[in-house]
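Structure, as structure tokens:
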Amino acid sequence: MEALANYSDSDDDQSPAVTKSGLVTTSGIRKMQAAPAPSILSQRKKVSAVSNSQALALIGSSVTSHGLVNREKYRTKTAQEMQTVGPAPPKNDTMFNQTAWNKGLVGAAGVMEKVAFDDAAFNANYDSYNATGTADAVDSTERISVNLPSGSVGGNRQQLQRPDRMNKKHEFAQDSSAPAKKRKKRKHNYADDANLDLGGDDGQFGIWGKPTKQELDLMEDSITDAAKGELNEHQLQTREEIEEKAKLKAGAKEDADETAFDKMVERKMAHLLPPRLEAGATAKTATTKFHGKEMYDYQGRSWMAPPSGVHASDDHQCYIPKKCVHTFNNAHSKGVHAIRFFPKTGHLLLSAGLDGIVKIWNVATRKLMRVYDGHTAAVRDICFNNDGTKFLTCSYDRWIRLWDTETGEVLQTFTSRRVPYCVKFYPNDNNFFVVGQSDNKVLTFDCTTGEITQEYNHHLAAVNSVTFVEEGKKMVTTSDDKKVLIWEWDIGVPIKYIAEPDMHSMPAVTAHPKSDFMVCQSLDNEIKVYGSTDRFQFQRKKNFKGHQVAGFACEMAFSPSGKFLVSGDGNGKLFFWDWNTTKSYARFNAHTRGPTMSCEWSPVDPSLVATCGWDGCIKFWSNTK
């Protein structure tokens, strides 16, 4: 009897354990818990819930030293014997439990059968009975498809259910192959909550109660005029003022963020640069002054027209100049940073000064022709377009300006709020130009609209030079990050990186006029030569030395024939080399009190070279007067 105690954890009660039909009740199982248990070392218990036509079989076991049951010691009755209803067997029958019969804890057969179970089978059926209400009926004569736990010695058993748990939830247990049905989660109907009548004070005053009139009035007062769409004129004006203040605050924050970014990218020279442009800032009002005799001659030709007999030619033989033939003393009140000859004819010379002024000079008469005043800081670079009718200037005041050469009118003003270091017209379409900036970027601007059309952003430091090669199809840029990048026009991804551990920054680059090479002014006091097509290979055999340029972006120039190379240096000297042999042919003391920053070879005069320096002078060098 005590074996049933292992199948229930319920409390005891006064209900009968077994009904008249032989079914086990819940109270019966509870009573069985109170029965004294046999020795743990000699007994194992198991209960099977059977149908109405079966008697309840109470089973025990005799365990051997190996943990298995001795099947020969006890006899297991068949299901037919258990179903036979008759008088109780005599008291001398060892299989009859008189105590269980007297207490009404066994079925009609009054027999407690002893059957063999190992630990695995017993524990498995014990857990199954407590979880689902099913256990294995003892019937070794029936063959069933239920898979028993490994190690079981109880034979094949049929799986049955407890009668008090027979419901739809466990119907599928009859067939283990039947698919399990998913229980659908009931969706809560929140609409029923509104109609829920709790009754009493909770229903009237509780949190689920209907709102009072006072609460309804408060709710109505909480709706704003904006939500109602009933704003008056004063309210609309106030809202506009608030929105305007918010925009100004957001703009101020954006400006502060950009200023912090400027300080980060320009930290190397932040103390030298002018303050960042404020939002809405405008460039200086440009002025110009003509210093020639007349704008047009008696034939109606402009002062910009080249002299008669001067024609563009690059086939003439060039010679190294022997002496300085003219000096423009105090050409600018401060140093002169860059000079450019007029395209093709070279009869005019454009100069950019550190005083923020650009001037144009007549080469033949050695006179000043026009002054262009449109910047508040030093002018860093200048560039003519293809026909010389327009030119670009970029300055440390962060503005770029497009000028009309003849009239001095400012045609367009550009800015990206960064310091432009170099500027170049696109040779195949002068409606576009590129700018190398202090924020490590190269930008393409449209002259007609003033918009940025392309951005090249792969350098890690300020961009110092931009050079077009292969007839404008490709572009070479150099930077303080000691890299040389090659780009295809209007494609923002470089096609080649040139970067070696022993490389130095190369702030000036010039393409050879006749062959596919370019020279780069390296800050290790050498001029490096690279190919300007295909693989852009470094030419180790061509190396120009002898000058001192460390710390200065001294520009170089080729003779129109490409036979000679000229460059200034940081000590104010001027050097000439033979291109083929890399031999230094001449050296002059060109400028004092600073470096020789720029030099240009005349496109028509075979020996005329112009130089400028930070001493504020411009000099002409030639073999003839």
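Cβ atoms are placed via backbone N, Cα and C, with glycine included.
Unlike curated records, TrEMBL annotations are generated automatically.
What TrEMBL records for 1-24 (among others) is region 'Disordered'.
Residues annotated as region 'Disordered' in TrEMBL: 146-196 (among others).
Residues or ranges marked as compositional bias 'Polar residues' in TrEMBL: 146-161.
According to TrEMBL, the feature compositional bias 'Basic and acidic residues' maps to 162-173.
If you average pLDDT over the repeat 'WD' (329-371) in this model, you get 94. Residues or ranges marked as repeat 'WD' by TrEMBL: 329-371 (among others).
The repeat 'WD' annotation in TrEMBL covers 372-413 (among others).
Positions annotated as repeat 'WD' by TrEMBL: 456-488 (among others). Under 8 Å from some Cβ of the repeat 'WD' (456-488) lie the Cβ atoms of residues 265-266, 268, 419, 421-424, 426-428, 434-444, 494-499, 503-511, 516, 518, 520, 530, 532-533, 536, 553, all in the same chain and six or more residues away from its ends.
The repeat 'WD' annotation in TrEMBL covers 556-587 (among others). Same-chain residues lying 6 or more positions outside the repeat 'WD' (556-587) and placing a CB less than 8 Å from one of its CB atoms are 313-318, 320-321, 508, 510, 512-515, 519, 521, 527, 542-544, 546-550, 593-604, 606, 609, 611, 613, 615, 621.
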